[in-house]
Amino acid sequence: MGKQRDEDDEAYGKPVKYDPSFRGPIKNRSCTDVICCVLFLLFILGYIVVGIVAWLYGDPRQVLYPRNSTGAYCGMGENKDKPYLLYFNIFSCILSTNIISVAENGLQCPTPQTVITSLQQELCPSFLLPSAPALGRCFPWTNVTPPALPGITNDTTIQQGISGLIDSLNAQDISVKIFEDFAQSWYWILVALGVALVLSLLFILLLRLVAGPLVLVLILGVLGVLAYGIYYCWEEYRVLRDKGASISQLGFTTNLSAYQSVQETWLAALIVLVVLEAILLLVLIFLRQRIRIAIALLKEASKAVGQMMSTMFYPLVTFVLLLICIAYWAMTALYLATSGQPQYVLWASNISSPGCEKVPINTSCNPTAQLVNSSCPGLMCVFQGYSSKGLVQRSLFNLQIYGVLGLFWTLNWVLALGQCVLAGAFASFYWAFHKPQDIPTFPLISAFIRTLRYHTGSLAFGALILTLVQIARVILEYIDHKLRGVQNPVARCIMCCFKCCLWCLEKFIKFLNRNAYIMIAIYGKNFCVSAKNAFMLLMRNIVRVVVLDKVTDLLLFFGKLLVVGGVGVLSFFFFSGRIPGLDKDFKSPHLNYYWLPIMTSILGAYVIASGFFSVFGMCVDTLFLCFLEDLERNDGSLDRPYYMSKSLLKILGKKNEAPPDNKKRKK
């Protein structure tokens, strides 16, 4: 046994040695991963330059405002009092094979377009229809009988086309109704979000009292569900066996639902569920001690959160930083996509008319110059789009790629910052020998300043590794989407394997980064050393890691289900008016779409619960690593007492020789 233990130590590193100077997160530390820090700052500087270039050359007005055939914007400048765009022949839009083209030029139709103004210079439509504005454009009413037009004999087709065009552009009345619903229910939505916040906080704080019984109930619930599944599969198998329904009679078919009527399907499901039930029972029998340790750590994490309530609201800081990163990228991408000079070409309403044959249609022209060609009726210089020439336009794709890389890298860095800051705060709690007296003042602020000052480069290093994997996944998804219709089954299988491998790699890197940030917060070493030490420590205690991870996942899943489900049920009964006996002040508002505030409340509750439980999950992981190091560093003697709680000491059958009330460790 001793020889085997030595071999394990060599494979996963040796246990941490006792250091008499160690008192929790190291205060005297130096900057780590300086090269990566410099590269990250230079990249951010370049990202800012890209934003400035996009702002100088971009013109997002073409997306926000409609423009007429001469390129003039509606509702701006000279046309400030003329906000709506009128199509001379709306049926050219409806009957065209390409109704909408909004990539860079906005909505374009093969017909003259103008700001609503007086009839002059023969720039007028041949007919008018009653219309209503939608997205800054005039669209006919769906119940209008259209006039007789050359080549158009089916009125139903035209009316259906108008209706479909308005529906595709999201008619204004729907948006008004949605706005009215939010205006009448926003304060009740805030109440629902407040309920979600209170439920999340209470669930975490009460875990110190109910963690044990709750975990036991959840495990028994899983056992019960599996037992019912075994019973149901057996009944289905028995009935089909008596009928003689076999897979040999069915044969191979692509209709998967047909396999429900054969006995082999239910037999296979029965075997799988029996195996899972047996594995779970064996885990409960042989790993019950480690489950008790996991429950004790959950209770300790609840106490830590209760001692440092400010940590529960740190996700607000992360949310604001993430919002800034996303907003900056979105605005930069929008300005880059709208960069370029406007281009104008000659256009005629009827190219086949006599006198238009010699006119160079679709050639460039000057919209300010007067066109003199009486032989070609309706000849105009119309706006076509934006040029792709110029340094910025030629580099547009590269700049967009730079922006996407900046988005992923900054988002991952912000998330890494939050994990490292929380880890530093919770590590200060664990390594305080006398709690709460020895907990540092403002541990969260101290951890935040310490992380930004010394470990920006290490966070950028870990974020960059994760970013490269995520971008590889995005590229693979893009290739899979483009080639989906032409691939053979073998290629599809290979693509699926690649996607699965990258997904697993991303999950592993997230796990490794998370624990590396904890070690960085405690010891202040660089990313590679911290990742190695964290991985070796976890591998030396792999069974405890698996048990704690699964118990925590089960508990947090139940917590999210409780919060989101509770808020969803309350919102449904309130906004649908199904709670009788409410006073007038508390009566549910009259809504056009009552499901809208319900879905908003559910989504907000999920975001709030995820934020709170992410803090709690980080607390559990930090305390767990500290607990493992505590076991390796100390032995309970007078000089090397354990820092863990009394409940953990009792579960492990250990004790400190030094009474914590009489022999305090010097700081």
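Yeah, the Cβs are placed from backbone N, Cα and C, and that goes for glycine too.
In TrEMBL this protein carries:
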TRANSMEM  34-57  transmembrane segment
TRANSMEM  186-207  transmembrane segment
TRANSMEM  214-234  transmembrane segment
TRANSMEM  266-287  transmembrane segment
TRANSMEM  313-337  transmembrane segment
TRANSMEM  413-433  transmembrane segment
TRANSMEM  454-476  transmembrane segment
TRANSMEM  516-539  transmembrane segment
TRANSMEM  551-575  transmembrane segment
TRANSMEM  595-628  transmembrane segment
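At the 8 Å Cβ threshold, with sequence separation of at least 6, the transmembrane segment (454-476) comes into contact with the transmembrane segment (34-57) through 3 or more pairs. At the 8 Å Cβ threshold, with sequence separation of at least 6, the transmembrane segment (266-287) comes into contact with the transmembrane segment (214-234) through 3 or more pairs. The transmembrane segment (551-575) and the transmembrane segment (186-207) are in contact, since at least 3 Cβ pairs between them lie under 8 Å (pairs 6 or more apart in sequence).
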